[in-house]
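One structure is given below, encoded as structure tokens.
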Amino acid sequence: MALIHAPFGLAASVMLATSILFLFFIILAGVTGTTPLNKTYFLQADTTGIQGAHDISQWTYLYSCGPNNEQCGSAHPAIPFGNVWAPNAANAPPELIGKYGGGTTSHYYFYMWRFSWVFFLIALFLEIIAFFSSFLACCGRLGSSIGSFVTFLAFAFLAIAVSLMTATFVKARNVFHNHNRDAQLGGYGFGFSWGALAALLIAMILLCAGATRKGKSKNTVDDGTNGNAAQGGRRWGRRGRRDRAGSFSKVNYEDGRLDNVNA
């Protein structure tokens, strides 16, 4: 039975590892200048003339940076969206500025990005648990059921995180465009986010398939073997009776011939 479930568990482990790797690329963006971390950001915008901001600003998971994720500030958990500029900065788009985040961020962007940030972290934690539980899926349906349940939870949190992140930065890009400022979404940041979600979905499907797949039980095999043996025994029994009947008739025939000769 383990051999039947092993391919599903191993394939799910590969997909989970891929999703976890993508999430680490997102979280560690800006930590070093190596590829792909120096190319991973959610939004790049022209912030020329905004008080306290670089000419080009990039939003990552832990930092607000300049071009190529250089000249980043200090890392902060759930960093406010407006951390790229000074509090109550002049020339910043008014839709993005508010009293939150020390006077740098509006209500909408502060909470949208903060909740997205938290859900990313929860999803990563659950994915790591799901990765180790996926090895149990190689042992049978129970392991697949446990792995699929944890993977489903991780998928739910990551789906919320990616959706909130997408809504936040797409809307912010449009705000910059409305103020005649260049802005573009990060291909690596969005690619890793949606790629992690897709890999997690595939892993969940594989684990669910392993949980619903039934192997041939030993009792079924034994019953089939015993049934064949019984059928063979009945055939041999019928053949033995026919042989005995034939032998008895032959003996009677020979005895009759001898009686005729003696007469």
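Cβ coordinates are placed from backbone N, Cα and C, and glycine is handled just like the others.
The annotation transmembrane segment is assigned in TrEMBL to 7-31 (among others).
Per TrEMBL, the feature transmembrane segment maps to 115-137 (among others). Beyond the ends of the transmembrane segment (115-137), by six or more residues, the same chain brings 5, 8-9, 12-13, 16-17, 19-20, 23-24, 26-27, 61, 77-79, 143-144, 146-148, 150-151, 153-154, 157-158, 160-162, 164-165, 168, 200, 203, 207, 210-211 to within a C-beta distance below 8 angstroms of the stretch.
Taken from TrEMBL, the feature transmembrane segment covers 149-170 (among others). Remote same-chain residues near the transmembrane segment (149-170) are listed as 12, 16, 19, 23, 42-43, 59, 81, 109, 112-113, 115-117, 119-120, 122-123, 126-127, 129-130, 133-134, 185, 190, 193-194, 196-197, 200-201, 203-204, 207 (criterion: CB distance under 8 Å, separation of at least six residues from the stretch ends).
Among the features that TrEMBL reports, transmembrane segment is placed at 190-209 (among others).
Residues annotated as region 'Disordered' in TrEMBL: 215-244.
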